[in-house]
Amino acid sequence: MRPPQPAPDGATGDGASPSSDAGNSIPEGARRRHFRDAWAQLRQGPWRDISPAGRRRLVLVAALVALGAALQGFAPLALTSAVDGLAAGQATGAALAAAAYAAMAGLSRALRQGVSLIHGEVARGLERDLYRGSYAHAIALPHSLHLGRRAGELARTVTDGVRGWRRMLDAVVLTGLPFLVEMGTVATVLAVAAVPPTLAGVLLLFVLAYGWAFHRGILGQREGFRAAARADAEAQGVAADALANQETVKLFAREPLVGQRIGEAFTRGGTAWQAYNRAVARNGLALSAIFALALGATLLLAVREVAAGRMTPGGFVLVNAYVLQVVGPVERLGGMAREMVQGLDLTARLRELMDEPDELALSPGGRDLPGSGPLAVRIEGLRFGYDPRRPVLRGVDLDIPAGRSLAVVGRSGSGKSTLARLLCGLYRPDGGTIRMDGVAVADLSLAALREAVAVVPQDTVLFHDTLRANLLFARPGAGEEEMLRAARLAGLEGVVATLPDGWETVVGERGLRLSGGEKQRVAIARAVLKRPRLLLLDEATSSLDTRTERAIQSGLEAAARGVTTLVIAHRLSTVRDADEIAVMEEGRIVERGRHGALLAAGGAYAALWRAQEVESPAGAGG
Ligand SMILES: Nc1ncnc2c1ncn2[C@@H]1O[C@H](COP(=O)(O)OP(=O)(O)OP(=O)(O)O)[C@@H](O)[C@H]1O
């Protein structure tokens, strides 16, 4: 039941969400290059997507963060003055200094709270822009690329990527910037307050040792973190797979077995998180030891300096305050390094995705289709293979005069649907040309081509929305009358009448709440509503019973009147009235003509017809 490579999941023990395989995709040595790339992309990509107002607010956030950090850095100076004032018997001065200290510390904290509120809003706006841009790009990627990916993988890549950018933004604005400002002010204060060099040196040494230990700890924990996240994702994969197969589980009465597998998977996740938490605790202990040593050493030194009269009691307080105060930013800096690395891991696949050329880049032709009536289609020497090693179309020549119908029949796998896909620009031919009203499809804009063509595919997938919304997707501006006419021609009216919610019925994910035949009727109605110049019917009625098919056939014929139509069909009885019938075999057209002539010729078509007559004596296929 477990998928071979479960998609890593964002739900992890500490709320962080690295993508396990994304994390492994960047070798350690290439890390710096990735930082550079990420920076370049930050400037070209995400940054560009932020609205000018959003940028101004981001700058405001940065300014407030810097102000808060500066206040935090300077505050102990006021405390020093208060203590020295007290020591010198200047109570008023000491009180003023103490008040200044309280104001600075309070303001700094208030700023931090306010900033996180504004920053959250700014960051959410940025996320929205990123989602919009990334999904627009993902949808515009070539059809072949979508087919080559697992369901949900693209959505996961986008979500991970956007979360990664958000983490990096938070890390830089909320941690990196205040760290630099606060350390700058601390260094300035130490210099101005003439703290003895030995003490300043010990303090610096402490910061470095603490930062180094913290960083090492994070690197050490990284593998454990990834392993735990991976185990978690696997467990989620097992559970998701079980849910997807719930019907099978029930029918085989295997609930206990599935429950046990899920339990085992989550136990593995729990064990991995325990190992990670132990590593975190070990590192925490090491840090506490360094902190205790540093505090002890600096205070002893400070006591000696004060006793020798080289430092005031206020200086003693200052040193003590800084030892306590610099721990936070140093720790946060380590956290920031982790966030940046994890953020980069998360954005890696999105950055790759954004580099993939979209359909427009691959089909740069930008011409519009002139005119407005039915299209004349001419196909010459068309060759195509999904894989270069296996040609599917091996030189197809066909033409459909404007407003006429052509039926393409042939054995399963002969390449009929592939021909239809090339006609609507889902793939580019390897050789040969398709012309619409004399214009090569390669020169057309994809939007112009697809506005002109309507397809009723073999398998219809619908939006998880109402029937009305699904139908109007074909032409959002269509009026009620027009929609009802399309529904009537497609035999959909009768279906709608039986549904308790009528047109407002929500059809379920991918349209799963409708039967195959009902979905097919929605697809036909959509195609009719679109008022195309070329109609492609790819076994448009294959899911219908013979009686319903006959009923809809007349509607389809009415819809196809005056529209160039290419019909792909297995049941030959449905295409016997086509203006022309072409028989396809192994990617080539081997016969063309009208029904009667082809039967009389006694070739491939006649053989297909006879075979279907044996299966269904009432009339081939019907
Ligand atoms: N996305 C794809 N990637 C790779 N190969 C494909 C893809 N789609 C179809 N094929 C292959 O191309 C060949 C032609 O498929 P196509 O769907 O055009 O046949 P068809 O004549 O429409 O068949 P049917 O009547 O069963 O619908 C088949 O051998 C099929 O396996």
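Cβ atoms are placed via backbone N, Cα and C, with glycine included.
Curation does not apply to TrEMBL; its annotations are automatic.
For 59-342, the entry in TrEMBL reads domain 'ABC transmembrane type-1'. The domain 'ABC transporter' feature in TrEMBL is assigned to 377-611. Feature annotation from TrEMBL assigns region 'Disordered' to 1-30. The annotation transmembrane segment is assigned in TrEMBL to 58-79, 85-107, 171-193, 199-219, 284-303.
Contact between the transmembrane segment (58-79) and the transmembrane segment (171-193) is present: at least three CB pairs lie under 8 Å, with pairs separated by 6 or more positions in sequence. Remote same-chain partners of the transmembrane segment (171-193), defined as residues 6 or more beyond its termini with a Cβ less than 8 Å from a stretch Cβ, comprise 58, 61-62, 65-66, 68-70, 72-74, 76-77, 80, 115-116, 119, 200, 203, 315, 318, 322, 325-326, 329-330, 332-333, 335-336, 339-340, 343. Confidence for the domain 'ABC transporter' (377-611), expressed as mean pLDDT, is 87.
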